[in-house]
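Have a look at this one.
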Amino acid sequence: MGSAAMDTKKKKEVSSPGGSSGKKNPSLKRRSLRVHIPDLSSFAMPLLDGDVENSEKHSSRKVDSPFSSGSPSRGLFSRGPQPRPSSPVSAPVRPKTSPGSPKTVFPFSYQESPPRSPRRMSFSGIFRSSSKESSPNSNPSTSPGGIRFFSRSRKTSSVSSSPSTPTQVTKQHPFPLESYKQEPERPESRIYASSSPPDTGQRFCLAFQSPARPPLASPTYHAPLRTAVLAAAPGPAEAGMLEKLEFQEEEDSESGVYMRFMRSHKCYDIVPTSSKLVVFDTTLQVKKAFFALVANGVRAAPLWESKKQSFVGMLTITDFINILHRYYKSPMVQIYELEEHKIETWRELYLQETFKPLVNISPDASLFDAVYSLIKNKIHRLPVIDPISGNALYILTHKRILKFLQLFMSDMPKPAFMKQNLDELGIGTYHNIAFIHPDTPIIKALNIFVERRISALPVVDESGKVVDIYSKFDVINLAAEKTYNNLDITVTQALQHRSQYFEGVVKCSKLETLETIVDRIVRAEVHRLVVVNEADSIVGIISLSDILQALILTPAGAKQKETETE
């Protein structure tokens with residue numbers, strides 16, 4: 001009896017372990033809970049498994065998620081009367097909890113009661129780490145590509161529904177969303193732009209955008225927005241933009257329009273896409289160097305010293321004239337110094353009395369600085385050297401700068417002094433004019449070049465009329481024809497072998513306006529104009545330096561500054 005009763009009890013326990021009449025086995029209960037734990041965790045985090053239906057089913061538990069949204073109505077940049085910062089990633093959001101709530105292992109923010117209205121991320125969400133970049137309303141994406149996609153499509157989130165008062169405000173962000181209700185363009189493209197494109201010459205259309213981002217819809221600026229953005233994040237990149245903005249908005253007279261134009265452009269803007277640049281090593285013979293200038297049709301070349309691994313000077317036609325002026329003795333006598341000396345030897349002899357370092361300029365410097373350096377140092381060639389690599393990029397001249405300015409003159413307001421004539425402005429040299437006659441020997445002309453430090457001599461006949469002009473560039477023909485051993489020939493004989501680079505004699509009158517003078521000297525591509533009277537007699541000389549001084553430096557007050565410096 002006893003054994004039969006015990007067998008019957010065991011059978012009941014095996015046949016119905018979960019029944020109400022039998023006792024439950026504790027080991028079976030624990031094993032059952034272990035089996036269902038993964039199901040419960042997946043039910044608690046439907047978004048991690050990509051279950052869209054579960055996400056819609058639990059829409060009553062939607063809260064502010066630290067992940068950005070791709071929806072245009074619930075995007076990252078939804079407008080509203082007051083911004084609301086996002087909650088921490090790992091802290092559950094509850095209606096009445098402090099920001100310092102304890103962390104949990106669940107990345108999904110849970111809210112006990114449904115919110116009264118949709119709640120969105122504030123502007124501060126874009127400054128969070130990449131671990132937050134996913135969307136509760138779309139398929140999850142944890143790759144960096146998805147992060148960049150949402151950060152680059154912020155303009156699509158311009159439409160949003162009007163939100164209600166947020167239940168939790170922990171921090172007021174320095175960028176209020178009210179200033180972006182009419183967002184003309186992305187502010188980041190102005191703040192973090194690597195470089196601004198060259199200006200088109202129109203001083204009231206200064207657009208800045210980054211080449212790494214798509215073109216903006218509107219280049220127009222709104223003053224309050226620009227001021228707020230630039231004031232909130234100042235830095236080295238903004239310094240140049242702030243300077244240009246000040247140039248755009250400053251209230252100056254029209255007389256300084258060309259000065260402001262030159263200050264807003266860099267030397268790199270004037271460098272051509274393709275050009276020829278000849279560089280000489282200081283160990284090269286002087287004679288071969290001048291022959292190379294003639295063969296390449298250039299008037300100057302930077303000098304490279306291998307010992308210092310840097311540029312130390314310039315070799316110009318003036319050096320050729322100085323060598324002939326110093327070492328020429330008599331006709332048909334070989335000039336040993338010209339034949340045998342190297343460039344470094346000539347520099348040691350010539351510069352031992354007055355050593356002058358190389359005057360150069362950076363490609364990032366303004367054209368105003370280039371003009372000021374040319375006129376202040378009384379030079380005609382200014383090499384543009386990259387300070388980082390040390391490479392020579394280009395050689396700036398008065399002619400190149402004035403031509404660049406003249407291209408944009410029609411797009412700028414015309415100052416009143418452009419309608420004044422040369423006599424009223426007093427531009428040019430009208431006293432103690434140096435000139436020569438057709439029968440003047442070449443050696444005498446070279447002496448005048450050196451003593452007066454001028455670049456050209458008008459050739460005047462017996463009646464006083466200007467018949468020709470002898471410039472420094474014509475002297476290089478002596479090297480081309482190898483006739484520099486006989487400098488007693490006349491100027492007329494030397495000019496008979498003039499090369500095709502002759503600029504010609506371009507004349508003007510003192511009664512012509514400055515606008516006419518600028519247009520004529522640029523079109524003729526010459527370095528100077530000979531001012532004559534009604535009888536075609538020489539009255540004065542107006543050079544490119546005089547014109548640039550009147551257009552750019554005089555309105556800036558640089559003339560007085562130069563006098564004080566000297």
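Just so it is clear, glycine is given a Cβ too, placed from its N, Cα and C backbone atoms.
Below are the features listed in Swiss-Prot for this protein:
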REGION    1-198  region 'Disordered'
MOD_RES   Thr165  phosphothreonine
DOMAIN    272-332  domain 'CBS 1'
BINDING   Arg299, Lys399, Ser471, Lys472, Phe473, Asp474, Arg498, His527, Arg528  ADP 2 binding site
DOMAIN    354-412  domain 'CBS 2'
MOTIF     367-388  motif 'AMPK pseudosubstrate'
DOMAIN    427-489  domain 'CBS 3'
DOMAIN    501-559  domain 'CBS 4'
Mind checking which residues of the chain, 6+ beyond the ends of the motif 'AMPK pseudosubstrate' (367-388), have their Cβ under 8 Å from one of its Cβ atoms?
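Same-chain residues near the motif 'AMPK pseudosubstrate' (367-388) but 6 or more away: 259, 262-263, 265-271, 299-300, 302, 311, 314, 316, 358-361, 394-398, 401, 404, 453, 455, 545, 548-549, 552-553, 556, 558, 562, 565.
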Which of 354-412, 427-489, 501-559 has the most Cβ pairs closer than 8 Å to the domain 'CBS 1' (272-332)?
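The stretch with the most close Cβ contacts to the domain 'CBS 1' (272-332) is 427-489.
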Please report the number of other Cβ atoms within 10 Å of the Cβ of Arg528 (ADP 2 binding site).
25
Can you tell me how the residues of the motif 'AMPK pseudosubstrate' (367-388) break down into helix, strand and coil by DSSP?
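So the motif 'AMPK pseudosubstrate' (367-388) is made up of 11 helix, 4 strand, 7 coil.
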Among all protein chains shown, how many Cβ atoms are found within 10 Å of the Cβ of Ser471 (ADP 2 binding site), not counting that one?
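Excluding its own Cβ, Ser471 (ADP 2 binding site) sees 20 Cβ atoms within 10 Å.
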Ranking the binding-site residues Arg299, Arg498 by other Cβ atoms within 10 Å, which is at the bottom?
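Across Arg299, Arg498, these binding-site residues, the one with fewest Cβ atoms within 10 Å is Arg498.
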Helix, strand or coil by DSSP: which one applies to Ser471 (ADP 2 binding site)?
strand
Take the Cβ of Phe473 (ADP 2 binding site) and count every other Cβ within 10 Å, whichever protein chain it belongs to.
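Its Cβ has 17 other Cβ atoms within 10 Å.
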